[in-house]
Amino acid sequence: MASMGDASGPMPAIQDMRAPRGVASSGPLLMPRGYAQPSLSRFPIDGSALDRLDKWLSRPAFRLRLGHFPELVFSVPACCFGYPLAAAPLALWLALLAGGSPSPTAWALAAAATAAVLGLHLRLLLTHDAAAPAATAARAARSVYSVPAILLTPPAAVAAAHVLGLPGRGAAHAYLTLWYASIAPVLMAKRLARRRRPIASADVPPKALPAIRAILEHDANASFPSGDAAGAMSFAYPALRCAGLPAAAIGCLLLACFGRLYYGAHHLLDVAAGALLALLTSAAAELLLLPAGLCAAAWWHPLVAQACVLATVKALRLDAKLARTAAADR
């Protein structure tokens, strides 16, 4: 890993942010090819007063060790709110909890979709080969972060909610809309800040589940802000506003944010910024959807938000390409 270095020195050339065909991101920014050395952070600057304070506040979480089984359980809220694939079952559960359904088929489908995502998640963590960490990142790219997952999750969840006739499907539409709408500013902020993750710039001891670290090291300059914290807030907001579940909303948000700290994915400032971005996005969306309100979001709202994310990713990849070309010409 790169050392802290001189924060006042010249900024290294921007690394290649493109991914191989079919490779998606860790939360969900496109993953770079191979294990590039992390460059110096742009914000907060490595070694600055803000950076040092943030690391000091985050250090208690970094140094915790829970053990293998507790980590396995804790990894679910710590990781799954950032999985594009997990948005489908989460949307179905919100629709069921917000409006209910007399159909056992709806509950069975939500349970089956949840089991499928959890199965992929646990398989990813338990089949990690320490001698080939890149293979774990590649499996993540082909499953929970896959391009089909990013593209098909909103229409699949929307279609399921409509076919099943769920009365609370507006809550599902709201969550999917907020998830994608929040990710767009997160991706842009990550691109501008390029902050090194704690595992690359702070003293984070190895955890019992090395697979998570292997995936994070594949995208080491994506610490600020946290996309998983934004995803958790995007779920918590409609869980509170539409389903009336304050305990579940706050619990999911806190577990997700603390999990990102524990695994060395983010600092305290990163998760706070990600959650705040999603909160502001959610509040703005609720105002835009007046007078009907957020809980009456239409089926096409998630698709519009998804299109904005895809356009953002395309623009960021083009920007990275232009930066590489300019660096090569110098």
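Any Cβ shown, glycine's included, is placed from N, Cα and C.
Unlike curated records, TrEMBL annotations are generated automatically.
Since this is a predicted model, take the numbers as computed values, not measurements.
Per TrEMBL, domain 'Phosphatidic acid phosphatase type 2/haloperoxidase' is recorded for 174-286. When DSSP labels each residue, the domain 'Phosphatidic acid phosphatase type 2/haloperoxidase' (174-286) comes out as 83 helix, 0 strand, 30 coil, counted as helix, strand and coil in that order.
The transmembrane segment annotation in TrEMBL covers 72-94 (among others).
Per TrEMBL, the feature transmembrane segment maps to 106-126 (among others).
Within the chain carrying the transmembrane segment (147-166), a Cβ under 8 angstroms from the stretch's Cβ atoms is held by residues 22-24, 28, 83-85, 87-88, 91-92, 95-96, 99, 101, 103, 105-106, 109, 172-173, 176, 180, 299, 302-303, 305-306, 309, all 6 or more beyond its ends. Annotated transmembrane segment per TrEMBL: 147-166 (among others), in sequence order.
Annotation comment: TrEMBL describes 172-189 (among others) as transmembrane segment. Same-chain neighbours of the transmembrane segment (172-189): 28-29, 87, 90-92, 94-95, 98, 153-154, 157-158, 161, 166, 224-227, 230-231, 233-235, 237-238, 241-242, 273-274, 277-278, 281-282, 285, 294-295, 297-299, 301-302, 304-306, 308-309, 312-313, 316, counting only residues six or more beyond its ends whose CB sits under 8 Å from a CB of the stretch.
Through the fold, the transmembrane segment (243-263) approaches residues 58, 61-62, 64, 66, 74-75, 77-79, 81, 94, 97-98, 168, 171, 198, 207, 212-213, 216, 226, 228-229, 231-233, 235-237, 270-272, 275 of its own chain, all at least 6 residues removed from its boundaries and within a Cβ separation under 8 Å. Summarising the annotation, TrEMBL assigns transmembrane segment to 243-263 (among others).
Residues annotated as transmembrane segment in TrEMBL: 275-300 (among others).
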Residues of the parent chain within Cβ reach of the transmembrane segment (106-126), under 8 Å, 6 or more residues beyond its termini: 72, 75-76, 79-80, 83, 85-86, 88-89, 92-93, 96, 136, 139-140, 143-144, 160, 164, 166, 209, 211-212
Mean predicted confidence [pLDDT] for the domain 'Phosphatidic acid phosphatase type 2/haloperoxidase' (174-286): 95
